[in-house]
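Undergrad: Have a look at the structure that comes next, please.
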Amino acid sequence: GVHQVTERDLQGAGGGGSLMTGYENPTLSVSNTSIDIGSKAESSYLGSNDFIVIDNTKKKNTTVETIKSVVPWIRRKAQNACSKKMLYRRLPILSWLPGYDSSMAIGDLVAGITVGLTVIPQALAYANIAGLPAEYGLYSSFLGCFVYIFLGSCKDVPMGPSAISALLTFQVVNGHGPKYAILLTFLTGVVQVLMGLFGLGFLIDFVSGPVSSGFTSAVALIIVTSQIKDVLGIKASGTTFVDTWRSIFSDIHNTQAWDTILGIVCIAVLLILRIIGSLKLKPKYDDVELSKCKKVINNAMWLIGTARNAILVIICGLVGYSFCLNGPPPFKVIGTVPQGLPSAQPPPFGYTETKNDTEVTHTFLEMISDMGSGIIVVPLITLLENIAVCKAFANGKMVDATQEFLAIGFCNIVNSFVQSFPSTGSLSRSAVNNSSGVRTPLGGLYTSVLVITALLFFTPYFYFIPKATLGAVIIAAVIFMVEVKVVKPMWRSKKSDLILGFTTFIACLVLALEIGILIGVGINLLFILYHAARPKISVEKLRSMAGTEYLMLTPDRCLIFPSVDYVRNLVTKHSIRQGIPVVIDCSHIYGADYTAATVVESLTKDFAARDQPIFFYNLKPSVSSVFEGLSPKDFVVFYNEDEFDELLKNRYCIKKQIEFSVNA
């Protein structure tokens, strides 16, 4: 009869009928010739009810037909993009603004002001980490908050500079000045928007938990190291952890007593206030409601702990002011901070500066070349930090990563027009935002207004803030970013992950951050490839219903080019050692490639040469079609364990018929 291709129904019960004696490729030169087709219905050999008979004859599509088939897809995509549902997804403000009420407004007001009191001293300090004048930290803290109100999908995210983004900016800009940082902000935003539009967010998935922990811990130590110079009142510089410490030791003999004492005292005060903020008075008995006095005390302690940075900066600023009234202060202060908002202008796509009475021109391509891989690493890491914030406060809800990519990207693009360095959602400020009772992203409006107010009216007073105080603010904040608590559970769970985390940690300390995290991701991918190349194979010696002994080998994953030779060697070794029929259980094989097909063809030839039966059990139709592409010899697939004895019997009959015909 005419052969037809059969494909097993993936939704079926998962096995051939009782009349099914095996599945073979109709194009094979050798098949079960002992089957008497005339004695059974043809449908018995096409498969049971769990199979679907399909026509394999496909017409070749012309270019015109291909274009016609694409047009409906484009039309469907355009309709989805212009739908009301998509509009609400891309402008989340439309979802919560109609139901906005006074209780939400009060929650957002309190949270916005609280975050504003936190971000102002942090922004001044983060600018120092980034190697930029203090005002650039404030420039990075107001416009992004406003844009995020319309595009942001997470109420707890306060847009602005973070410790990680500041340190990455410092290493990528590498002393080239604010113009490079502003251009980096623009390019970061463009890359993030493109990632959102083209669905490239999966790239973040390659940064595993151990790599992220090692990277974050290294960043924390590098930031602490960068602030040691301000606490000690010395001069030091360096782009890596090792370089910075070498520079510190070279100038440590110039340590200033006033700066050191002030810095240590500030760190101690901040840590004490942090503890006070976490304390809560409880009622004497569990079933008794907390008294009004205790509620007031709890709220006061929480406010002191939350606003500890602002409180300390104000007090130390007053101390600095009192010293400046009587002459130069005994410790280093920030100095002049320009008053007013930054001028709105496009980011510099090239500029000219004067060095030693000579004009030096920096072209756009030269600036990009100087920043190197940072153009890709900075967007990825800042997105990773922001998504981590969203997940931390999602409360079980799904995080729309694509929308966050677009929101953060547009925030950075807009920020680049007000002389900002790259911004993202800060985990520390998000915790403050959440604990302050924020209800919607509108809390960012009040934070933005507070920063603008500081720029317009309070920058002259920033002059008196000691550098040691800002250094203490950063040290007291980032020291808790060192993820020591993950070491023990990671060791218990999987020791290789701990090795991966430590490798990333050391690489980020010794090398530039972007190179360190790329090394961590690269080693992680090598681990994944190794596991793909070395699948686990269980080997069992079983007996069939008729008492025939056979060897069952079960790979636990897909067969792809790194693993096929390893699997072939194991199958060959065990089959030769046992010398009995072999069954390969393909239940866990959901994919294969051309290399796997060539190995299967070679394997079946080897088994046929030594007259040892080999069968493939429960092979997925999609995988079977890959193997059949090379028409392997004696390639037999079955789906019902009861068929195994029948297959062996048919094979024995074929062998007898061949021997009889040869002897005749």
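Note that Cβ sites are derived from N, Cα and C of the backbone, with glycine treated the same way.
Note that the structure is a prediction, hence the values are computed from the model and not measured.
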Undergrad: Tell me which of 1-20, 41-60, 61-80, 241-260 corresponds to the region 'Disordered' entry in TrEMBL.
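TA: When 1-20, 41-60, 61-80, 241-260 are checked in TrEMBL, region 'Disordered' belongs to 1-20.
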Undergrad: Do you know the mean pLDDT across the domain 'SLC26A/SulP transporter' (107-500)?
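TA: Its mean pLDDT is 89.
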Undergrad: Out of 180-204, 300-323, 470-487, which stretch touches the transmembrane segment (442-463) the most, going by CB pairs under 8 Å?
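TA: Comparing 180-204, 300-323, 470-487 against the transmembrane segment (442-463), the winner is 300-323.
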Undergrad: What else in the chain is close to the transmembrane segment (260-279), if you only count residues 6 or more beyond its ends and a Cβ gap under 8 Å?
TA: 230-233, 301-302, 304-306, 308-309, 311-312, 316, 331, 466, 468-469, 471-473, 475-476
